[in-house]
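Only one structure is covered here, and it is reproduced in the block below.
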């Protein structure tokens, strides 16, 4: 992290140096054109800011940073309370004479005190930042911002880490945002340009109404102002003559420290100030020149720029003097792009920028800032400071039609063709958070014709001043809302963003109480837009637009409508008497007294006469009908027959309640209400105006007897022909007759009183059966039949069968697979029920669809298990089956283990183990282990037998255990072993001893085959015999023990090795066999063996190439050793040996070495020494000195370039480059915009490098990315040989393709 910070901070020093160059005096050297200066300064500003983001400050070269501080509201509240308390104390004092300060003044003072306290705390001498080397360079009293000088990366990190610091930024430089096209228009044509832009924003109308901005002055932060020009009042001096001079104050910044002697550095500020002066005739200008000359160092071109610190000082001065100079608006027609790496990019919302913090502070103090969005053609962001959330950002539109205009130079250019008024300029930056648009192309003012967002911005600044002067008590938010929500809405075709082009008059109207911008007007509707009215009393719906606040309503058009009243969305109104067309005229007036040029009108037809001649008859006047379907005859007329409607209903209702209405017709098919008896049909006639008339007619409805029937409650199946019929008799039916066939109502017999339920016998035989029911009413009329069907199935399912686990005898888990058999006449309706308990078909539950296989859970435990099956068909017929299996899921239990019939001790390791257990299927096998936790593998199980002979493990005397795991005949195995314990007590086993290698060196290494085995501990004196093995085989021969015991390794190898030692005690000295004495104490003695020097020694020169450009070599060496390689010695002395080689140096794989000879071929030797001082034999490598550079010719390399809009791919042949001594090893490419790098060692700062790759076929490829469309680039392809010599290279030019904008 520290390396990254240090590397990054180096870049910021360059930017800070650029930003701190003293301005050059303006002498005989002509300044650059405004456009050229703007472009160069803007690029320098953005590049400087990007470079300074992480530069490296030092005590000799400190770096300046702009620091913004966090001011907590709680701190402000605390200071405000203290000030109020002090003020109250003074007021209570008898000697107090000063008037108390206003609450706003107290809050302002509290904010200043809180700011000062935070700055002092962060920059205090004892603070971390100051201790690391941070000093205050410049303070801005009215802002929570300071310029500091930083000496060290630690100080910078401490500053950034302080919780009271909002941001730490490099000093930025800003450029003007206007462009001089030099179109060659006549002076009269140029003068007309401002005359076109002001009407576009409705400024003349506002001025005519008395809104000039008087009492609100604008501070212009720009290049100065030529106050001698007539547009600024032809001043003879600042503020003189007072009656006409519009510039009341002018100064260069830093105030009192710098003055370039010019009224305007480059005419830009004069143009901006003149636009404000003409757009707001009552406003005075405060011209603050924040621009001065900078350059990149001696011999470089001067350019104009505005430094962050000067801008911040200007804003602080404005806040200090806003009351005395009545400043309410700041104009910033300047900006700078943001940077990502080396790319210029649009800025997103930037609340943390220092200038954004200053703009927010000014806004909080009641001073609004208009800022140019920038001329970079961005569509996803703005320039800074327009990106500040508190700024009113301004884009540019054309104020008049034009054939076409091109802006800028390729590739930073754009063209607008067939220009129309209010077209957004192609250069104007745009984003979703852009505030407003204003005319900015082209504007003649202050003696200069310019186009840009710089020229759009003063139109907005002037409008803000006019709005503030017109509404002194309005909030900033209300003023910005009035500005940004009125005027013409324009869609940017580049990104679809919709933004309002300002209208001064519309904004005034909304701010002063209107509801929109533009000319007062609106719309009116009568009765919600109805075409007809049945009454003279109507309701008007009024919608006022264009800021209208009053309205006047009349029944006739009139030039002098009266009286006016406040606009109301709804108004009751009386139409003139008499049927016919009636009109209403509504005139509108806004708060400024302007009247709508024409009234809003609406027309309705008045019809107060109801329809007449209404009449209705049913079926030609018949007295009765046997069908509810009838035909109606309808009569009636109206003054407007086309609008006559009718509504028919079987229930009595009102004209308004009747629905639906339909067009009048003389006849209509109609359905009477259900049920026998007298029926009435009601008719309503309604005309277009809603007048209604009614009529009605009666008829008697006779009903045919009917009903319904269901079998067994609607069941689909029955298994018996004896069923129950469910009969429902319909209206008028009194008797019913039932038959199994469709015999007809006349032939059916007997008829009997209709019953709700009736027992019935279906015909015999399986299959579908039907029932027919006929009905008769009291008059003897018959109807029906009602029918129902059911399927008769009296045959039970067949072939029921069941098997568990395929008929197995045993099961070892409760989960089983059932195989099920069965059939039925209706397979789709076959169901099954399974149970572990014996039950009946009716009691079994649940039933499910039949399946040939099913997973089943047997009852837990052990023993015989039976599963019961019932099959049931759709009619309820059933059949059963069952199957049994023996279940053994448990391992052997009640296991008992006894060693030597329960003896407490044993002197022998061979014992007898008795085992008892119980199991349902019987114990089949066993596994016996003598170590706790030892796992039983499949190969460890043997046939069960009790007792079993077991050999206990050898070793020290003490407790021994036997662990028994049993498995039954079904494979169930114990999850944990049963065990027993016995104490091993053998007097020949020594105790309390330890064994080591006595002659190991201080590093623990054994470096000789002759080892000494030492026994220590309290029991060492009891050891009499020893057996030593180099493998784990059993000891058979013991020798008398001497301490230490010499032993010669028989097959030693370097690395870790183990000696297996068995000790005996208590026996007489002299050789003895294991059979004559006890087993003894086995001990494993690990040791680290190193008997040999380092091996696998290697050396290579220059990455294995064997060539070098000079005597200074980079070597790669390597060797391995079990104890580690400690040192290496490198020499080119002929005949050198390990003994003569000097000096020895610490071992690492990368070594540097200087040859004695810088010519020809030399041999280099390397010797290696391990950690135990064993030295290897020498390993050699030859090296040849290669001082020649690779050679290449363009025609031999076949160099080609392929371009896209953002990249160029270069390809060439590797064989086109050669070297006299060594091979060509690699290539790289240097490139630069417009120019070819002079050599392969070019150090120009704009030259960049990209590595090339060599393909298997010898084709070399280099891809250069991140290029600009349509731009020419120069390339130099450079070869590098194996010794690192770089050739002169071959060149190529190529241009990227021009991409779409």
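A Cβ is built for glycine as well, from the same backbone N, Cα and C atoms used for every other residue.
Annotated signal peptide per TrEMBL: 1-19, in sequence order.
Taking the Cβ of residue 222 (active site, charge relay system) as reference, residues of its chain lying under 8 Å away and at least six apart in sequence are, in sequence order, 176, 268, 269, 272, 273, 287, 288, 289, 290, 291, 331, 333, 334. Annotation source TrEMBL lists active site, charge relay system at 222 (among others).
Sequence annotations record features per position, and here TrEMBL assigns active site, charge relay system to 268 (among others). All chains included, 32 other C-beta atoms sit within 10 angstroms of the C-beta of residue 268 (active site, charge relay system).
Look at TrEMBL and you will find 454 (among others) tagged as active site, charge relay system.
This prediction places the mean pLDDT of the domain 'Fibronectin type-III' (1190-1286) at 90. Annotated domain 'Fibronectin type-III' per TrEMBL: 1190-1286, in sequence order.
Packing around residue 454 (active site, charge relay system) is summarised by its Cβ count: 33 other Cβ atoms lie within 10 angstroms of its Cβ, all protein chains included. Across the domain 'Fibronectin type-III' (1190-1286), DSSP classifies residues as 7 helix, 47 strand, 43 coil.
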